[in-house]
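What follows is a short report on a single structure.
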């Protein structure tokens, strides 16, 4: 919009809230620090991306997990898809009640570090296509999938049955 229209819309407001939306769908992509709870669009995207609990070796379905701020909200972590993931209640408690740590990397990859310093990396269940219009703030940003069936990617194949991890669980 042009500067004059922006001034008219802004009026005399002294408070501004940052709301980042997808330019095509208008879906809210990031709430920053304005709200703790993710939107329905964000929750739907995270279920598709994560598939299961993001703890190494856990196969509990994301629909039966809790959404966790990887960088804790109380320590400045934003409510956006790059800082949220599904963790089952057991592993959610372990993350917050022990010295396990998690860092979310670009593309939804999470690096878990155990109390003794060993690292475990978990990949998202599905690598959803990320058009450039979904990226925001920093490289690797994410948002909800395309709600328009005409331009949405084709459906994903059924997930294979869970397999035994190729290494012992980290606990």
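First residue shown is number 1, and so on along the chain.
For all residues, glycine too, the Cβ spot is worked out from N, Cα and C.
Annotations in TrEMBL come from automatic prediction, not curation.
In TrEMBL, the feature region 'Disordered' is placed on 131-171, out of the ranges 90-130, 131-171. The average pLDDT computed for the domain 'HNH nuclease' (41-93) is 94.
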